[in-house]
Amino acid sequence: IRIPVHMVETINKLIRIQRQMLQDLGREPMPEEIGAEMDMPTEKVREILKIAQEPVSLETPIGEEDDSHLGDFIEDQDATSPAEHAAYELLKEQLESVLDTLTDREENVLRLRFGLDDGRTRTLEEVGKVFGVTRERIRQIEAKALRKLRHPSRSKQLKDFLE
């Protein structure tokens, strides 16, 4: 990371003053104290201290054995937790078992309309072309299938996943 020359000079001056104050005070000086000494606003001092921090490699060894690295302890925000993954798999299984209670045609219409297989939802027109029927007929098949799914004997299997 490249820091502009004028900023490097300011950082060096700040670090010099910080070390001097450490010796004088016997403790780390507060940003307010450094700011007063340098005749600089506290926020500017905090900003410079932040810029002056050296980057740390995620490959930095941690512990005495050097068998783990800093990166091993940083959470991946995009990864799903094991609990979420397990719940998703259970939902998929329950959904499959509920869809199996429908006719093949109803099941396939719902799979295409809601993108259950590939994540891509399709219009009534597109599904109608796949089955060789009108979009109105697909709407009727979809409505009938959804009505069946709303029946308590089927819907109770999926209710737990609504929370």
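Every residue, even glycine, has its Cβ placed from backbone N, Cα and C.
Database features, via TrEMBL:
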| type | residues | note |
| --- | --- | --- |
| DOMAIN | 123-149 | domain 'RNA polymerase sigma-70' |
Secondary structure content, the domain 'RNA polymerase sigma-70' (123-149) (per DSSP, counts of residues): 23 helix, 0 strand, 4 coil
Overall pLDDT of the domain 'RNA polymerase sigma-70' (123-149), taken as the mean: 95
